[in-house]
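I have placed the structure first, in the form of structure tokens, so that the comments after it can refer back to it.
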Amino acid sequence: MFYLCTSIFIPNLVEKETIYILAIESSCDDTSAAVLCNDKVISNVVSTQKIHEEYGGVVPELASRAHQQNIVPVVHQALLRANIDKKQLSAIAFTRGPGLMGSLLVGTSFAKSLALGLDVPLIEVNHMQAHILAHFIVTEKNTKPEFPFLAMTISGGHTQIVRVNDFFDMEILGQTLDDAVGEAFDKSAKILGLPYPGGPLVDKFAQLGNPKKFPFPKPKVDGLNFSFSGLKTSILYFIQRETKTNPNFKEENLNDICASIQYTIINILMDKLKKAVKETGIRHVAIGGGVSANSGIRSALKNTEKKYGWSTYIPKFEYCTDNAAMIGIVGYHKYKQKAFASQDITAKARYIIQ
Ligand code: KG4
Ligand code: ZN
């Protein structure tokens, strides 16, 4: 999608600066680059590494090698599609963490070199903060959440409920104590013999099945924290038990099993979200991260608008899974605050949001 981005005139007729940010994301297995003109995305290129499929999960060493191969063509494509020259860039934003160290290093080194070469500011971005602030990308339809709001970030590496007071004032209210929700989807899919990443496939088959056919237990976890490792184990034992009496059990019941797994996961997430709303009194609720692409969680969240009077914010599909556009929107807001990084900055595999 291309937007025409011209300078904006504010009421006193003083011309507001047009900011072009090149953003780079390489925290896991997607190499992505985007160009933003202020808070609008003018290009967003994502190259998903297929190599991990045959291993049933992300292999860190292979991921960093693939980033090295992809980064130049992906950035080149992003600039080409945005139809701008790199000399027009105002700043370079990059994912500093959290993520896989080898993967982060590729994006970090590339961004630092490019910023140095072009003599433009460098902006470091926290990946999880970006999943939340993706809601501030201006699109034709979206409404931005009002501060304060609650954000549930659900991805392959994280599951958190965050109180968002302002762009850069966030507080983690709860998080997973073991597996992330994306892992719960992917590992369940693996048990069912589905390829990696299995989350989208579970979603697809779930839409054809009966969600109440096979009840799975929900974990009892204090406060606003989550746990998904017990669910994975109970799915494994269930499948092993049923396969003993019927070797074709998985194949014959795939839709119902997927629907039941998805139903259980969504209930776990929604129970905690309702608890968070009750405890904070905040009824503006957003979701972000790869699992927010899930059709079940999207409709469960939407239903709360009528049922409980919540205002909900669901990202466009392309801004759910890892992408550089979300890094760019954080870059834009940091640029306005002149929050620039220095050249001695390093990648951070564990990087907690504040
Ligand atoms: O945010 P993301 O792209 O990468 C991380 O930062 O982890 O999230 C990837 C995760 C994977 O576990 C993938 O299976 C899951 O998001 N995912 C889904 C769906 N689409 C992606 N899970 C369930 N349903 C989906 N439709
Ligand atoms: Zn992510």
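Using N, Cα and C of the backbone, Cβ positions are placed for all residues, glycine too.
Whatever TrEMBL says is automated annotation, not expert-curated.
The structure displayed is predicted, hence computed values, not measured ones.
Database features (TrEMBL):
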DOMAIN    40-328  domain 'Gcp-like'
BINDING   HIS127, HIS131, ASP322  Fe cation binding site
BINDING   THR153, ILE154, SER155, GLY156, GLY157, ASP186, GLY199, ASP203, ASN294  substrate binding site
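Among the binding-site residues listed (THR153, GLY199, ASN294), none has a CB atom closer than 6 Å to any atom of ligand 2. In sequence order, the binding-site residues near HIS131 (Fe cation binding site) (Cα within 10 Å of its Cα) amount to none of GLY157, GLY199, ASN294.
The binding-site residues in question are HIS127, HIS131, and the one with the fewest Cβ neighbours inside 10 Å is HIS127. Long-range C-beta contacts of GLY157 (substrate binding site), restricted to its own chain and to partners at least six residues apart, with a cutoff below 8 Å, comprise CYS28, PRO98, GLY99, ALA180, GLY182, GLU183.
Taking the Cβ of SER155 (substrate binding site) as centre and 10 Å as the limit, one finds 24 other Cβ atoms among all the protein chains shown. Here is what falls inside 10 Å of the CA of ASP322 (Fe cation binding site) among the binding-site residues THR153, SER155, GLY199: SER155. Of all the binding-site residues listed here (THR153, ASN294), the one with the fewest other CB atoms within 10 A of its own CB is ASN294. Under the three-state DSSP scheme, THR153 (substrate binding site) falls in the strand class. HIS127 (Fe cation binding site) sits 11 Å from SER155 (substrate binding site), counting Cα to Cα. Shown in sequence order, GLU25, SER27, THR95, MET128, ALA130, SER155, GLY289, ASN323, MET326, ILE327 are the same-chain residues outside HIS127, HIS131, ASP322 whose Cβ sits within 8 Å of the Cβ centre of the Fe cation site.
Spanning the residues THR153, ILE154, SER155, GLY156, GLY157, ASP186, GLY199, ASP203, ASN294 that the record associates with binding substrate, the maximal Cα-Cα distance equals 18 Å. Around GLY199 (substrate binding site), the C-beta neighbours below 8 angstroms that are at least 6 residues distant in the chain are GLY156, GLY182, PHE185, ASP186, ALA189, GLY290, VAL291, ASN294. When secondary structure is read from DSSP and collapsed to three states, HIS131 (Fe cation binding site) falls in the helix class.
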